[in-house]
Every structure is written in C-alpha cells, then in structure tokens.
Amino acid sequence: MDALEITQKLISYPTITPKECGIFEYIKSLFPAFKTLECEKNGVKNLFLYRIFNPLKKHAEKEHAKEKHVKENVKPLHFCFAGHIDVVPPGNNWQSDPFKPIIKEGFLYGRGAQDMKGGVGAFLSASLNFNPKTPFLLSILLTSDEEGPGIFGTRLMLEKLKEKDLLPHMAIVAEPTCEKVLGDSIKIGRRGSINGKLILKGVQGHVAYPQKCQNPIDTLASVLPLISGVHLDNGDECFDPSKLVITNLHAGLGANNVTPGSVEIAFNARHSLKTTQESLKEYLEKVLKDLPYTLELESSSSPFITASHSKLTSVLQENILKTCHTTPLLNTKGGTSDARFFSAHGIEVVEFGAINDRIHAVDERVSLKELELLEKVFLGVLEGLSEK
C-alpha cells in the first residue's frame with residue numbers, strides 16, 4: 001500500500017481529539033509482524049508498534065556479553081517514527097465532507113491531510129517497504145492527544161517505554177514543517193514556553209477623588225515598555241531572541257466612576273536555551289522593584305536542540321536533497337510539539353513533514369506529489385540509518 005491509499009483511509013476516521021475511532025485497529029492490521037503495546041488513560045489512546053529486524057543470535061549475544069561495552073553491542077539501533085492521529089474540529093464552509101477524502105486537481109482534501117495524517121501515511125508506507133539487511137529496531141508511536149492537553153499522550157507512552165527499556169535512540173516526528181515546497185524546512189529543536197500572570201496592586205476609589213486612589217493602570221503604563229514585546233536575550237544561530245508577549249489585560253469593575261484596585265496582566269515567553277524561568281523571574285523582579293505586585297510563572301515546555309551535524313539530521317538532509325532537490329533550512333521556529341517529550345528522554349529527535357499552508361484551516365489538503373516524495377524520503381532515511 002502506498003502513502004496515498006493509507007492517508008485516504010486515515011482521513012476517513014473522524015478522530016477529533018481525543019477520539020481514536022478505531023483507527024489503531026486499521027493501523028495494526030497493516031503490521032502483523034510487529035509487536036504491539038497500547039496505553040489508554042483518561043480517554044486518550046496510544047499505540048506503539050515495533051519490530052527487530054535481523055536480531056542478533058543468542059550465541060552472538062553471549063560473545064558480546066564478554067565485551068566491555070555490552071549494552072551498545074547487543075542492542076541494534078532503535079529508530080522511531082512518531083505522530084498523532086487526532087485532528088482539530090473541521091469547522092464549517094468546507095467544499096466537501098472533511099472526513100470523506102476526495103482527490104481534486106492533484107490534491108487530497110480532508111481534515112488532517114497536512115496535520116498530520118499525510119505524514120503518518122507516508123511513514124507507515126515507508127515502514128511497510130523497509131527491509132534492512134542488518135540488525136535494526138523500527139518502531140511507530142502514535143497518540144490520539146497531541147492537539148489537546150497532551151498529558152496522557154506521547155509523554156505517557158514514552159514513560160511506559162522507559163519502564164520496558166524500549167526507548168528509541170532516534171525519532172522523526174512527522175509534523176508539517178515545510179513552508180513553500182516539500183523539503184524546505186527541518187525542525188531540529190523548539191523554543192520553550194513560559195506562561196505568567198502579573199497582578200499590579202493599587203487602591204480602588206471614586207474617579208472624582210484621584211488623590212484618594214492609587215490607579216494601578218498608571219503604574220502599568222510606567223513599566224509597560226519594559227514588559228511588552230521585549231527581547232529577553234539575543235538568541236543564537238539556532239534560536240530567535242526570547243520574547244515576552246502580553247496576551248491579556250484586565251482591570252476594573254465595569255463602572256465608569258470607579259478606579260480599579262488591581263490590574264492583571266497575562267503573558268507568555270517563547271524562549272531559547274539562554275532564558276530560563278528563573279532568569280525571567282529575576283528580570284521581572286528588577287523591573288517591578290518597589291512596586292506592589294504578585295507574580296506567577298509556569299513552564300509548559302522546555303527548549304531543546306538536536307545538533308545540526310547529528311547522524312539523524314545528516315541522513316535526513318541527504319535524502320531530502322536527493323529526493324526533493326531542495327536544501328532544507330534547519331530551524332526551531334513555531335510552537336511546541338510532541339518532539340519535546342522525546343528530547344526530555346535524551347532521544348535524538350527532529351521534525352519533518354508536509355507543507356503547512358492549510359493546517360487547521362478549511363479545505364485542508366496535501367498534494368499527491370508531496371505524499372509520494374515524503375514516503376521516499378522516509379524510506380531513504382530508514383535505509384540510510386540501517387546501512388551506517
């Protein structure tokens with residue numbers, strides 16, 4: 001089965017987060033030779049398929065056991081394709097049923113075509129066509145909760161794999177990373193994300209007696225240039241400068257003759273490795289010195305980076321250039337993804353997938369040529385890793 005046929009089938013399942021709708025049974029049916037692990041919690045389902053190709057024979061393992069570095073010698077390279085089968089709600093005004101895929105003018109239309117059932121379909125097809133000659137462990141990790149909170153999705157599945165000593169060495173998450181043409185972008189990392197709530201305190205009172213009030217909005221005006229849209233560091237070759245962005249402001253009771261007793265500022269900082277929750281706290285404490293305030297900070301994800309010269313990145317680059325005739329840009333732009341959970345376990349991880357011009361949009365679609373090329377790239381990566 002090719003990537004197009006598999007992707008069409010995947011799109012036909014209305015897997016709006018966290019619904020799985022039986023899609024895992026279909027996927028399992030494609031891989032009868034793979035072992036299966038499943039994990040379900042709080043309505044979220046996760047699937048892990050794996051197969052050891054050309055396993056080391058027992059007598060060889062005994063010989064390896066005599067060697068100093070037994071662990072590295074006995075275990076074959078473990079590579080994992082990862083992704084999510086859940087999609088966001090389709091909304092209205094589609095030209096066709098979002099869960100009845102159609103082909104029109106060289107494109108496959110349907111919810112999830114780009115994000116990310118197209119990528120999943122491509123790596124499933126590549127996995128079916130992979131036949132290495134050396135010992136190699138190939139796995140596939142899928143979750144029904146990436147578009148949602150993600151608490152019981154990939155993160156939980158990786159914890160289970162750690163318990164079973166089945167964590168991969170390398171992984172590609174098939175997120176739609178490309179901007180204009182397939183192959184123009186690889187995500188080799190992601191910025192971290194810190195959410196915050198700042199409350200500046202004042203004294204509520206009658207607007208006609210300002211001398212008896214202390215308006216916190218006046219206080220905010222004096223420090224706003226130092227907390228709105230400011231760069232927290234200079235970035236580096238892999239990351240843009242970390243930036244503090246205000247997302248919401250709230251003050252007052254809704255009455256025109258009452259000054260507020262406080263003003264609440266919600267903000268987010270997307271940050272590089274140069275900025276941490278502690279350094280952000282220190283910066284704000286310095287800016288807000290001597291002012292009455294309360295501050296809450298919470299990190300929702302940590303930044304990570306996979307070296308541009310790593311084995312996985314190099315093999316992926318080589319196959320993109322060979323198949324797509326494009327030199328990919330290595331970057332860390334965009335929001336958070338499940339790749340961060342792999343990185344937290346020390347797994348070498350990158351993201352690569354379809355063009356992202358219609359993700360989460362009406363009439364989402366992926367070109368048929370993209371699916372064909374994406375499958376070839378993924379198969380080339382498998383073959384390249386198994387030969388090196």
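Just so it is clear, glycine is given a Cβ too, placed from its N, Cα and C backbone atoms.
Since we're looking at a predicted model, the values are computed, not measured.
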Out of E147, E318, E387, which is the one Swiss-Prot records at the Zn(2+) 2 site of D115, H360?
E147
Per Swiss-Prot, which one of E20, E175, E179 shares the Zn(2+) 1 site with H84, D115?
E175
Please identify which of H84, H360 has the densest Cβ environment, defined as other Cβ atoms within 10 Å, among these binding-site residues.
H84
The sparsest Cβ environment within 10 Å, among the recorded positions D86, E146, E147, E175, is found at E147
Listed recorded positions are H84, D86, E175; which of them have CA atoms within 10 A of the CA of E147 (Zn(2+) 2 binding site)?
H84, D86
As a whole number of Å, the Cα atom of E146 (active site, proton acceptor) is distant from the Cα atom of H360 (Zn(2+) 2 binding site) by 13
Listed in sequence order, residues not in H84, D115, E175 with Cβ within 8 Å of the centre of the Zn(2+) 1 site Cβ atoms
G83, M116, G119, E146, E147, V173, A174, P176, S337, G353, I359
